[in-house]
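As written in TrEMBL, here are the features:
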- 1-394: domain 'Major facilitator superfamily (MFS) profile' (DOMAIN)
- 12-29: transmembrane segment (TRANSMEM)
- 41-64: transmembrane segment (TRANSMEM)
- 70-87: transmembrane segment (TRANSMEM)
- 99-117: transmembrane segment (TRANSMEM)
- 208-229: transmembrane segment (TRANSMEM)
- 241-263: transmembrane segment (TRANSMEM)
- 270-292: transmembrane segment (TRANSMEM)
- 304-329: transmembrane segment (TRANSMEM)
- 341-364: transmembrane segment (TRANSMEM)
- 370-390: transmembrane segment (TRANSMEM)
Amino acid sequence: MGDLGLSLAEYSVFGSTLTIGAMIGAIPSGRVADLLGRRGAMWVSELFCITGWLAIMFAKGAWWLDAGRLLVGCGIGLLSYVVPVYVAEITPKNVRGGYTSLNQLMIGLGKAFMFLIGSLVNWRVLALIGTLPCLVQLLGLFFIPESPRWLAKVGREKEFEAALQHLRGKNANISQEASDIQDYTEHLRCMSQDGIVELCQGKYARPLIVGVGLMIFQQCGGLNGFVFYTSAIFEAAGFSTTIGTIVAAVVQILTTTLGVLLIDKSGRRPLLLVSAAGGCLGCVFTGLSFFLQDLHSGAELVSGLVLVGVLVFLGSFELGMGGIPWIIMSEIFPINVKASAGSLINLVSWLGSWFISCTFSYLFEWSTAGTFFIYAGICGAGVIFIAKLVPETKGRMLEEMHASITNKNDNNLS
């Protein structure tokens, strides 16, 4: 703001433009990943991110900053779909959850690293540093195979077998897995083509409800309120913002790591249930602290309760609700509708992120305690939703799971 003479309004626009860009990138994300392949989509997204970071670095005014932020957002919108899909499609069923959830851990570590570096260097240097992981991924894409399932879908048989053999190891027997993937892909190719009209068929109702519902509960449970306004929450409760923010970052990394270690042992559903229930409890603690503050009662409890509430919420979120909805999204849709379904769910997630970011400050001003009690209610509803509708996907081949879910819907409809 000081270097470029930005007003508070211009700075706020710069901050929110990322989410708008991510929504724009989310809309065609599935189609781009289908047309160019998973590697091709990652190429495009990284080019967007690099261009955006460079625009920010060389910015002379607010317009350059906003354009750069928008481009970075578009790249993130593409990546948030294609990375979990790619990882889910290349990994064996017994370790698929752990590998896919590593994406969430890397995001957490990346945020922590950039927060640390950002406190030490100029913002233009920070933007330059932001290009480095993008360049690393661009170079790394030369050394990784394309998704075998995408290659099977587009009919590139020899490349499909070569990619699967490369991923499973030179001496691994891939004949059964390759046959299952090809048979199911051919079955889907005969049935239908991807598109929103196809996605609206009754047999895809359950995976669509599960995917969209998980993203709504992920975002509308107050995530961005806690993340973007952590300092404001601690300050309002009279707790040290520096200590609170550092402890919150450490807790998030630890619980994300725990989630990676547990996901293929305990399964998706148990972690989701614990995560949503913990988020509800964290919101209740935080809301209760501000309720006591409004009553001018229990002053000695307020700062401690708000710390416990924020840590319980953020820790619980990273344990399951942070990454597992993206994992399930990448697992439950057959490849013939994955592009349309993924784009829709990705868009819902970023819309929810934008909505909470925009409304939190108004709700916080209306009633600090009421804000978190509302979020607690949403998290509680999420627990019921997960218990009733979300399937367990641990240890199942994607093709086996897709057939099970769609056949169950067909039986329910008949």
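Note: Cβ is positioned from N, Cα and C throughout, glycine not excepted.
Fewer than three CB pairs closer than 8 A are found between the transmembrane segment (270-292) and the transmembrane segment (70-87), and contact between the two stretches is not assigned (pairs 6 or more residues apart). Remote same-chain residues near the transmembrane segment (370-390) are listed as 206, 209-210, 213-214, 217, 220-222, 225, 268-269, 272-273, 276-277, 279-280, 283-284, 286-287, 290, 309, 321, 328, 360, 363-364 (criterion: CB distance under 8 Å, separation of at least six residues from the stretch ends). Ranked by Cβ pairs under 8 Å to the transmembrane segment (208-229), the stretches 241-263, 304-329, 341-364 are led by 341-364. By the Cβ criterion (under 8 Å, sequence separation of 6 or more), the transmembrane segment (70-87) is in contact with the transmembrane segment (341-364), since 3+ such pairs are found. Beyond the ends of the transmembrane segment (99-117), by six or more residues, the same chain brings 83-84, 87-88, 91, 126, 129-130, 133, 249, 252-253, 256-257, 259-260, 263, 318, 322-324, 326-327, 330 to within a C-beta distance below 8 angstroms of the stretch. Among the recorded stretches 241-263, 304-329, 341-364, the one sharing the largest number of Cβ pairs closer than 8 Å with the transmembrane segment (12-29) is 341-364.
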